[in-house]
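Okay, so here's the structure we're looking at.
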Amino acid sequence: MSKRDIVLTNVTVVQLLRQPCPVTRAPPPPEPKAEVEPQPQPEPTPVREEIKPPPPPLPPHPATPPPKMVSVARELTVGINGFGRIGRLVLRACMEKGVKVVAVNDPFIDPEYMVYMFKYDSTHGRYKGSVEFRNGQLVVDNHEISVYQCKEPKQIPWRAVGSPYVVESTGVYLSIQAASDHISAGAQRVVISAPSPDAPMFVMGVNENDYNPGSMNIVSNASCTTNCLAPLAKVIHERFGIVEGLMTTVHSYTATQKTVDGPSRKAWRDGRGAHQNIIPASTGAAKAVTKVIPELKGKLTGMAFRVPTPDVSVVDLTCRLAQPAPYSAIKEAVKAAAKGPMAGILAYTEDEVVSTDFLGDTHSSIFDAKAGIALNDNFVKLISWYDNEYGYSHRVVDLLRYMFSRDK
């Protein structure tokens, strides 16, 4: 508006009236008095002025202390590229662990659909918190998360959200060269949620101490199966020695498989219906263990069976031991590790369990003491369960937190 609004306020004017001036009257003349002879007055005693001592000097004003420097605590912030099974569960794990997610990128999922897919999960159930799309952002438990739909990592504005640590969970950008576009776009570090052909590979509880902040800004969290096998193999090898071994994972079907028979160029039987078949498949998990435990190079290999279950898988490690040991000694060694240095990573159970008992379990590997067997003191079969989705996603977040702690 070009004119100002004028607000009129009623003002009461009070008129002050002066009191009329009093009339001055002359006093009556005094009556005459008899003359009295004046009496001599005593001389006044001189009054000595008391001299007060000067007040003590004021103490010097204390110097103002310099202002204290308030250090701002660094905070781990995370960006997620790829909002598929692992991407969404990494976000859930971050919310559970109090890790701040600042951005999600997925060119194939509309923001409103992100809300739906994150809120409802056929395997892990409905998200217990609040989730909505508001003011152009994904809002989870009142935490605002920027949403992007960039097709290439170099297009994602990571700098605009504070240069977070990025989880590369598309399954596409697996090499250092491909993932380096995240760094160019402003990401501080990148964790690939899959095996990588050339990025340093880490398994929490096994070799995370080898992480070098000065030279490693792109790393791999290996595979879910490697995260299950490696902690168990580490305990057995360090205590008894593994001469050689074969690993088999009985693995739930994944999104890359077919619901009904379809084409598969890489391996023909991979294209058969996932819900109808037990499908032999290849896996690099056993060989990947040799990257995190170099002493086992050339001693392990393995394969997989894809089975018609939606989640939770199990590793069968059959190996020959260098030091003879009864099965009871193996159980005690694993139990001690689960209670000690590998707590939270490796677990131990003697219950009569089945696969669904581990749905939502956040451990990397749960040793089933009653399922294993020994042929003799040198040749054993060891069984360990894992939630190949949820447990793995928690390890991704744990690796992010560990890297952040080392980067300080």
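Placed from the backbone N, Cα and C atoms, the Cβ positions cover glycine too.
Taken from Swiss-Prot as is:
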type     : residues                                               : note
REGION   : 1-73                                                   : region 'Testis-specific N-terminal extension'
REGION   : 19-68                                                  : region 'Disordered'
COMPBIAS : 53-68                                                  : compositional bias 'Pro residues'
BINDING  : Arg85, Ile86, Asp106, Lys151, Tyr173, Ser193, Asn388   : NAD(+) binding site
BINDING  : Ser223, Cys224, Thr225, Thr254, Thr283, Gly284, Arg306 : D-glyceraldehyde 3-phosphate binding site
ACT_SITE : Cys224                                                 : active site, nucleophile
SITE     : His251                                                 : site 'Activates thiol group during catalysis'
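All features noted in Swiss-Prot, drawn onto the structure.
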| residue | record | DSSP class |
| --- | --- | --- |
| Arg85 | NAD(+) binding site | helix |
| Ser193 | NAD(+) binding site | coil |
| Ser223 | D-glyceraldehyde 3-phosphate binding site | coil |
| His251 | site 'Activates thiol group during catalysis' | strand |
| Gly284 | D-glyceraldehyde 3-phosphate binding site | coil |
| Arg306 | D-glyceraldehyde 3-phosphate binding site | strand |
| Asn388 | NAD(+) binding site | coil |
Practice task
Can you grab the distance from Asn388 (NAD(+) binding site) over to His251 (site 'Activates thiol group during catalysis')? Cα atoms, rounded to a whole Å.
Solution key: 8
Exercise for the section: Can you figure out which of Lys151, Ser193, Gly284, Arg306 (the binding-site residues) comes closest in space to His251 (site 'Activates thiol group during catalysis'), comparing Cα atoms? Expected result: Arg306
Handout entry: From Arg85, Asp106, Lys151, Ser193: binding-site residues whose CA lies within 10 A of Cys224 (D-glyceraldehyde 3-phosphate binding site)
Key = Ser193
Problem - Spatial neighbours of Ser193 (NAD(+) binding site), counting only the binding-site residues Ser223, Thr225, Thr283, Gly284 and Cα distances within 10 Å - result: Ser223
Handout entry: Local backbone state of Tyr173 (NAD(+) binding site), from DSSP in three classes
Key = coil
Practice task
Take the region 'Testis-specific N-terminal extension' (1-73) and average the pLDDT across it for me.
Solution key: 47
Fill in the blank from the handout: Within 8 Å of the Cβ centroid of Ser223, Cys224, Thr225, Thr254, Thr283, Gly284, Arg306, the other same-chain residues by Cβ around the recorded D-glyceraldehyde 3-phosphate site are Thr249, His251, Ala285, Ala304, Ser313, Asn388
